[in-house]
Amino acid sequence: MSKKPVALIILDGFALRDETYGNAVAQANKPNFDRYWNEYPHTTLKACGEAVGLPEGQMGNSEVGHLNIGAGRIVYQSLTRINIAIREGEFDRNETFLAAMNHVKQHGTSLHLFGLLSDGGVHSHIHHLYALLRLAAKEGVKRVYIHGFLDGRDVGPQTAPQYIKELQEKIKEYGVGEIATLSGRYYSMDRDKRWDRVEKAYRAMVYGEGPTYRDPLECIEDSYKHGIYDEFVLPSVIVREDGRPVATIQDNDAIIFYNFRPDRAIQISNTFTNEDFREFDRGPKHPKHLFFVCLTHFSETVKGYVAFKPTNLDNTIGEVLSQHGLRQLRIAETEKYPHVTFFMSGGREEKFPGEDRILINSPKVPTYDLKPEMSAYEVTDALLKEIEADKYDAIILNYANPDMVGHSGKLEPTIKAVEAVDECLGKVVDAILAKGGIAIITADHGNADEVLTPDGKPQTAHTTNPVPVIVTKKGIKLRDGGILGDLAPTMLDLLGLPQPKEMTGKSLIVK
């Protein structure tokens, strides 16, 4: 008996917008896509911003898109998750933060807040520091000290003064907090085992060692005079009139490290939390019985409390198909192979039982605008053989071209990329329909829909435009207002499988 496969076909970087100028999707000759769009139920999905777990207005990307598609739910990235917690009041109820604050109140000790002092949003966000200051004031914590790591990398190289001034205004507004040390991220956020750098930051915070200044802005001005900008500012100590440090980290203090990205937070965290630390001599005043809080899970090696614990993605589409004994195929060329495997499975490398994978090599060319068809024809040929062999109940396929060629910001090659994919799409969908199967044709984010700026310059970034979804089954109706997290529930619906509770997305098929 022949299988009737349900195929999820992802046209990477293929979104829709009305304006045709600079729009390779609109300008391409794509008879197959147009035929399916006209003949079958269709709608559009939001693939950016909070709909995929990113900050509102932020463009989607392939990793985030495939995570959301496979998970069948919104997968919140750390920055967004914390922003939402602040907005909805959950941040102020966080048990780990409250425990740290109770610890210092019970011991009559100090709370130290350290992290990257910018709104770059890559490693940290200064608004999270402000939320902690506000919470400390609300909880009646009196001694709150800030150890600011200066950025200059994810933001401009001489932006520290504006962040320090803004922080000083917040300190005044909340009536709590003092800046105790400043250090360029080169020292405090090293990740390359340059322990001499980390040691300088540590000794400033614990021993009050390093250049001293009465005023944080004076520290920055002095560095700038010597041609040393934010990222490289030497770990420096802010002192009172009598020359003593505003604060050093001592026994029974609490630390909240408000960076959310782990890689550059691990070394300095290990310096404070590891009993077996051997990288440099921490000296006689190394603080004991610290209550150390990481904003997110940094590493197994960091012995601290975690404020926002990782969310495990259980019951992704691949796992559910496997649990029901269905055979599934994941297929893509090199550029998007991790996306249909690792990211589609919620960050899991191993295959599920009953899952097969086909990797087609991407062409070896300097840039893909030189070969806009990439390996789409080879992917298609390999897939047509598998459809013919009647092996799979479910297929997940990615065509990389609209995204990878779209990144060139060149219109003509991107039009050719879309046309090549359309030709392949026609062959695959018609083969699936011939078997009595169903195709879900969609995309993960925009790109090829906007490859020129209004003044004709290359536009190489992703877009925030809606992506299409077509379900090649007549007699059904699709609802509007969907998100990428609704695709897995739709696929399960078409396969007649129950949706697990972890999948909070909803089938697009109107019942």
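One is the number of the first residue shown, and numbering goes on along the chain from there.
Cβ atoms are placed via backbone N, Cα and C, with glycine included.
Taken from Swiss-Prot, the feature active site, phosphoserine intermediate applies to S62, supported by experimental evidence. Residues annotated as Mn(2+) 2 binding site in Swiss-Prot: D12, S62, D444, H445. Under the heading substrate binding site, Swiss-Prot lists H123, R153, D154, R185, R191, R261, P262, D263, R264, K336. What Swiss-Prot lists as Mn(2+) 1 binding site is D403, H407, H462. Among the features that Swiss-Prot reports, phosphotyrosine is placed at Y36, with the record citing sequence analysis.
In terms of Cα spacing, the recorded positions D12, Y36, H123, R191, P262, R264 that come within 10 Å of D403 (Mn(2+) 1 binding site) are D12.
In terms of Cα distance, none of the binding-site residues chosen from D154, P262, H407 sits within 10 Å of H445 (Mn(2+) 2 binding site). For the binding-site residues given as R191, H445, H462, the lowest number of other CB atoms within 10 Å of the residue's CB is seen at R191.
Listed in chain order, the extra residues whose Cβ falls within 8 Å of the Cβ center of the Mn(2+) 1 site residues D403, H407, H462 are D12, G13, N61, S62, P402, M404, G406, H445, N447, A448, T460, A461.
When the Cα of D444 (Mn(2+) 2 binding site) is compared against those of the recorded positions S62, D154, R264, H407, the shortest separation belongs to S62.
Around the Cβ of the residue listed as 'phosphotyrosine', 22 further Cβ atoms fall within 10 Å across all displayed protein chains. Between the C-alpha atoms of D12 (Mn(2+) 2 binding site) and the residue listed as 'active site, phosphoserine intermediate', the distance comes to 7 Å. With all protein chains in the displayed structure included, the most crowded Cβ environment within 10 Å among the binding-site residues D154, D403 is that of D403. Each of the binding-site residues D12, D444 was scored by the number of other CB atoms within 10 A of its CB, and the lowest score belongs to D12. Under the DSSP three-state reduction, D403 (Mn(2+) 1 binding site) is assigned to helix. Here the Cα atom of H123 (substrate binding site) is found 25 Å from that of H407 (Mn(2+) 1 binding site). Note on P262 (substrate binding site): other Cβ atoms within 10 Å of its Cβ, all shown chains, come to 18. The number of other CB atoms found within 10 A of the CB of the residue listed as 'active site, phosphoserine intermediate', across every protein chain shown, is 24.
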